[in-house]
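Right, one structure below, let's go through it.
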Amino acid sequence: MGYTDPTSSRDLLGNRALLFIFVCAFAVVTLVQQILYGRNYLRSRLQFSWQNGEEMANWTSSSLNFTDGGALRNGGDTGTRYFDFYEGPLEFNSSKCLELRKGITDVKVLSMVKQTELFERWKNLQMCKWEMNITQANIFKATLLRCCNAPAFLFTTQKNTPLGTKLKYEVDTSGIFHVNQETFRMFPQEMPYSRSQFKKCAVVGNGGILKNSRCGREIDSADFVFRCNLPPISEKYIADVGVKTDIVTVNPSIITERFHKLEKWRKPFFNVLQTYENASVLLPAFYNTRNTDVSIRVRYALDDFESQQSVYFFHPQYLINLSRYWLNQGVRAKRISTGLILVTAALELCEEVHLFGFWAFPMNPSGIYITHHYYDNVKPRPGFHAMPSEIFNFLHMHSKGILRVHTDACNCC
Amino acid sequence: RKLLKECCDPGQLFAMTKENSPVGKNLWYDGEFLYSFTIDNETFSLFPKATPFQLPLKKCSVVGNGGILKKSNCGRQIDQADFVMRCNLPPLTSEYSKDVGSKTQLVTANPSIIKKRFQNLLWSRKAFVDSVKVYNQSYIYMPAFSMKAGTEPSLRVYYTLADVGARQTVIFANPNFLRDIGKFWKSKGIHGKRLSTGLFLVSAALGMCEEVTIYGFWPFSMDLHGNFISHHYYDNVLPDSGFHAMPEEFLQLWFLHKSGVLRMQLEHCEDSIFHPAS
């Protein structure tokens with residue numbers, strides 16, 4: 001016993017030391033993570049809480065070098081001064097607006113500035129009229145043509161996916177879908193839309209920012225309206241989101257969860273689709289193997305009820321190219337969101353693209369908390385989409401005059 | 001014998017109803033061992049309140065699909081009954097209506113048919129909906145709880161028809177009833193793996209109708225005059241051997257015919273001499 005005691009105590013010490021090392025290692029890893037990713041987020045939160053008080057005062061803050069807190073306070077002063085001679089939207093090309101836009105485009109990475117700062121700059125930009133910058137837009141569209149080419153490859157068609165094609169899935173790299181007669185028959189002969197076919201398009205996201213926006217009429221006035229993921233457009237939302245729908249996407253997971261994969265009742269699903277009248281239904285059928293059967297069943301379900309609505313499937317190669325393109329632009333996520341896909345496609349199919357309901361932050365630009373969707377507040381799985389990063393890209397494109405992001409209430413009625 | 005039928009109480013137990021199958025009741029599949037199905041709220045909501053027929057029924061025709069019906073001219077006579085039962089979604093197109101009639105109040109459908117002919121209703125359902133249109137306003141009787149694999153397709157038949165607002169109503173066979181009938185006939189010496197739908201229907205009809213005439217039950221390859229006949233009146237696809245004990249079943253029905261419990265029509269029908277025996 002006497003001999004074993006010191007050894008055992010040393011052993012114990014060894015264990016303790018090991019434990020200590022583990023704890024230290026964990027702490028270091030966490031700290032590094034915080035420093036790398038969380039710093040700006042944490043800071044912006046703190047910033048937000050103390051700055052809340054003067055939120056109202058500096059809503060027109062025009063300070064452009066938001067590099068530290070001092071400049072912000074400075075901004076408060078200029079804001080009140082600015083308020084005096086503010087008389088309505090400034091011209092797009094006025095020097096003030098150029099400056100404001102530069103404020104947004106100067107932010108190269110989302111984590112470069114605090115979220116509140118970005119909000120401020122965005123809010124300030126709202127007093128400028130938006131105009132399309134044809135050259136910028138054309139440059140961008142030319143890039144898209146080279147990478148993705150929506151007018152030819154957005155959907156699987158009989159032309160781009162002949163009978164017998166071995167279609168590669170987007171994420172299930174080992175999975176291959178053999179295009180058989182049955183499926184081939186469902187494809188449209190050619191892409192139903194051509195390059196810049198529509199003058200003005202609206203892409204409607206489902207963000208809570210749409211709530212009480214009264215943008216319904218403006219959305220409905222577009223020539224072509226895209227909607228994501230079977231959103232409700234019932235009576236009580238019409239004023240905010242409109243009713244016109246030309247393409248609505250459906251996530252197969254919704255069909256699986258809400259409609260039992262269409263293996264049981266089909267009428268409820270059909271009733272929902274009917275609210276969009278003649279809208280085409282767009283599905284990522286070849287995203288992974290699980291999606292295919294469910295998506296194809298949508299066509300059958302519509303056939304059951306003799307519906308004339310078209311059903312289209314995203315071409316997996318288009319989505320792969322698109323993801324790659326946006327990855328280069330800094331959108332790092334497991335998957336790009338349907339919204340981003342639709343916006344990118346719309347940029348090729350339309351001359352002018354307007355975005356509604358795209359705002360993936362917990363508060364609106366004025367700092368007021370909003371719900372996640374305009375119809376509910378169900379948060380998504382974390383880490384699947386990189387929404388803020390996508391929105392950030394849209395803000396950039398807005399500033400460049402490629403598309404227009406609407407985050408304010410519309411002046412209607 | 002009619003009294004013996006009361007062992008199984010077809011009037012009450014023929015189909016699954018809200019009365020005889022409350023939520024939470026455990027049902028043992030009658031065609032399989034060891035498996036049971038617990039009635040949940042969703043399934044329960046599909047059952048009718050009570051057996052949906054006006055009992056007792058008066059004159060019933062039970063129509064088998066035997067090749068003997070071909071060129072029998074029995075159509076008119078079959079249609080004269082108040083209640084016509086048919087087996088396994090038989091074709092009723094105009095070319096057959098002279099022989100088999102066109103009226104239907106109850107038609108059985110086997111889940112295996114749903115699987116084979118309509119891909120389990122997982123894809124397009126239109127073909128199925130169109131194919132049952134010939135049965136007009138009738139009940140489709142499905143043994144949903146006989147085999148485990150049959151439950152889903154059977155329920156799907158219900159969903160399909162309800163979705164499109166079809167005039168047919170789906171009712172589900174009660175496995176307890178099927179088991180009792182099976183036991184009953186086993187004691188009478190029928191040793192097939194499983195009773196044929198025809199015999200189930202005849203048994204049910206005997207319990208629910210005052211007069212039963214059966215047509216197209218003739219499991220042999222020759223008719224009474226020695227002419228070869230096809231297996232079914234619409235095709236000549238032979239079934240898997242050893243599943244049903246058709247000749248034994250026929251023998252039992254023949255006894256019933258002899259003792260006057262039911263009438264079996266084997267010859268060609270002539271309208272003028274239609275005197276149903278009871």
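Note that Cβ sites are derived from N, Cα and C of the backbone, with glycine treated the same way.
Fair warning: this is a prediction, and the values are worked out from it, not measured in the lab.
Checking the candidates B:CYS7, B:CYS209 against TrEMBL, the cysteine paired with B:CYS60 through a disulfide bond is B:CYS209.
Cβ neighbour count for B:CYS60 (disulfide bond) (all protein chains, 10 Å cutoff from its Cβ): 26. Neighbour count (other Cβ atoms within 10 Å of the Cβ, all protein chains): 25 for B:CYS209 (disulfide bond).
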